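K.L.:
What Swiss-Prot records for this protein is below:
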type: DISULFID; residues: 44-50; note: disulfide bond
type: DISULFID; residues: 45-58; note: disulfide bond
type: SIGNAL; residues: 1-17; note: signal peptide
């Protein structure tokens, strides 16, 4: 009986500790993606060869 009690305590601890982490929202993911793409295009725009191929982004 004590073993069953310990098993229940262990399972509830694992379930609650893994559910505490809040996943990033779509809004946060979209902002991060936009920042990464802006940084990538800034690097591209400083490179003459890349800028020539992707002028519509610069």
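Think of each number as a place in line: the chain as shown, counted from 1.
Glycine is treated like the rest: Cβ placed from N, Cα and C.
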K.L.:
Do any residues at least six apart in sequence from residue 44 (disulfide bond), in the same chain, have a Cβ closer than 8 Å to its Cβ, and if so which, in order?
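P.N.:
Within the chain, residue 44 (disulfide bond) has Cβ neighbours under 8 Å at 50, 51, 54, 57, 58.
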K.L.:
Per DSSP, to which secondary structure element type does residue 58 (disulfide bond) belong, with helix, strand and coil as the options?
P.N.:
coil
K.L.:
With an 8 Å cut-off on Cβ-Cβ distance and a minimum sequence separation of at least 6, pull the same-chain contacts of residue 45 (disulfide bond), or say none.
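P.N.:
Non-local contacts for residue 45 (disulfide bond): 51, 54, 57, 58.
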K.L.:
For residue 50 (disulfide bond), what is the tally of other C-beta atoms lying within 10 angstroms of its C-beta?
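P.N.:
I get 16 for this one.
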